[in-house]
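Colleague: Copying in the features that TrEMBL gives for the protein in this structure:
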TRANSMEM  A:6-32  transmembrane segment
TRANSMEM  A:44-61  transmembrane segment
TRANSMEM  A:67-86  transmembrane segment
TRANSMEM  A:98-119  transmembrane segment
TRANSMEM  A:139-165  transmembrane segment
TRANSMEM  A:194-220  transmembrane segment
TRANSMEM  A:226-255  transmembrane segment
TRANSMEM  A:262-283  transmembrane segment
Amino acid sequence: MTAETIIQSLASGLLMGLLYGLIAVGLALIFGLMDVVNFAHGEFLMIAMYATFFLFAFFAIDPLLSVPLVAAALFVFGAVVYLLIVRFAVRAKANAGMVQIFSTFGLAIVMRGLAQYFFTPDYRSVTHSWLGGKTVSVAGIFLPVPQLVGALVAITAFGALYLFINRTDFGRALEATREDAGAVALVGIDKNKVFALGWGLGAALVGLSGAIMAIFFYIYPDVGASFALIAYVTVALGGFGSVFGAFAGGIIVGLVEATTALLLPPSLKAVGIYAVYLLVVFIRPRGLFGSM
Amino acid sequence: MDTAFAERRRRDLVVACVLAAIAAVVPLFVKDVYVQNMMVLTLMWGALSQSWNILSGYCGQISLGHALYFGLGAYTTALLFTKFGVLPWFGMLGGGVISALIAMALGYPCFRLRGHYFVIATIVIAEIGLLLFHNWDWAGAAMGIEIPVRGDSWLKFQFPRSKLPYFYFALALACVAWFVTWWLENSKWGFWWRAVKDNPEAAESLGVVVFNSKMGAAAVSAFLVAVGGSFYAQFVSYIDPESIMGFQLSLLMALPAVLGGIGTLWGPMLGAVILIPLTELTRSYMGGSGRGVDLIVYGGLIIAISLARPQGLIGLFSFKRKEAAR
């Protein structure tokens, strides 16, 4: 193993890690807002990938162009899911935690079934796109262009989200609602509207990731499941509810995955991520950046 | 112990005996193999969910990683049998003990975690187990293990000709899981668990040893689930990592309890009786096309039931029980 291979895989790990962070940040946002874990998060990613694929297959829209379209579509989808399902799940008085887990998990199963029904279990891919298959070389390190663009989109999205939460009225309403959902009602903020927008925003973020990932990943009904578990680990590693934690968690997860792949057979590369998660929470039970 | 509570417990026991007796004669009249198979699975998942309920329902430590113990039970039995010719009964016991020990070893660091951190830790640990078995060549790696037929006897726990012996073992397992729950419900442990679930700090201050009671619940729960896994390995006679340690198994264990009523004595069995036949029927009538209609129906039902009856379906049957069960 030369220094070059190590730097090479750490660089790709970093790029992939930013994308993991982008997948996870929507989850973190929703959790921070209302203490709910969306167990259908992976399926949100899956439909974003399919949407990108079909825009490409039917209208020849390049995945790069569909990024904003898919994000907007997922925004609407997320808000609708909140209004139709999650709104009722959070109202449950008995077993609230289990109701949230199982209603969103039920949604995940339905979405997977619908994807199988309408799109068949076949593997699909975007056969040719502007970015697909291209690499650039930086100081002797080869970086795949799609992942590079994904990383740029992720950094931009994190920056935009930061400004959005800190500089806009809605962002302030979001922050206020996560601080004290009861008190905001008194000053005339409609809690339901804020939650719906939060879900829309969370889904839009995973929509961004899905559109990018469609460039270099196979698309099939179960594709979300493996990424969802990584997303939960990413969020928990950073500390539930911390948007910055999701960003940092994503980078750590990407680097750990790349390092593990160097040391262990490829089929075991996820073990490194899981082991680091356990190590972190055993030492800091609320994650790296979660409030203790 | 007040008389109403003692009365309820006596009634529970009588009802359980009557139901078990009825269940025992059903397959004598229902000869259809498909239906018998469905009954075996219903009893098995009922037993598994009942065992899961001890840790997650009564003690409040929601585990979505119980597939690990199921898989350990199945692997211990299958490996001992195929590699060393050890009778499945010893494999069952060994798998149970190994699982209980591992559950306690894992509980040692994990029980410090709260809420979602604990849930994700359980998922992640089971996933690590799955990946390790996936890559463990001696244990068949991804190909799994085929358990050869070496007889047709209770001694070897193999019955290639009939489903009935499997049915009676599954019934016995369900009865044991139920009885253990019933017995523990009124023991020192049962009261500790409910105290730990409701308010760990208060329980601690009243002298409940929170950590030890979680460990006890984990050990009992894992042991019973592993026995279920051993049974399943013999029943299907082919195991591979994905089908006995996959995440969906952990969910399948939790679902009956959640639908029936989590943390209640009857919830898991009620949930299994409704859910498992439903799963099997949607799968055989709608899943054949391989087009996911069964998933749509199944997922839709999970959403509908969990939203409509968060306390579980058992609430529809009992009037005073819900109060007493808390």
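Every residue gets a Cβ built from N, Cα and C, even glycine.
Note: TrEMBL annotation is automatic and uncurated.
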Colleague: What residues elsewhere in the chain lie close to the transmembrane segment (A:226-255), defined as a C-beta under 8 angstroms and at least 6 residues from its ends?
Modeller: 10, 13-25, 27-29, 31-32, 35, 37, 39, 41-43, 45, 154, 158, 161-162, 165, 178, 270, 273-274, 276-277, 280-281, 286-291
Colleague: What residues in the same chain, six or more past the boundaries of the transmembrane segment (A:6-32), come closer than 8 Å to it by Cβ-Cβ distance?
Modeller: 38, 41, 44-45, 141-144, 147-148, 150-151, 153-155, 157-158, 161, 178, 198-199, 201-206, 208-209, 212-213, 227, 230-232, 234-235, 238, 240-243, 245-259, 261-262
Colleague: Any residues 6+ beyond the ends of the transmembrane segment (A:194-220) with a Cβ under 8 Å from its own?
Modeller: 19, 22-23, 25-27, 29-30, 33-34, 38, 41, 44-53, 56, 63-64, 66-67, 70-79, 81-83, 86-87, 121-126, 129, 131-132, 144, 146-147, 149-150, 153-154, 157, 161, 170, 173-174, 177, 184
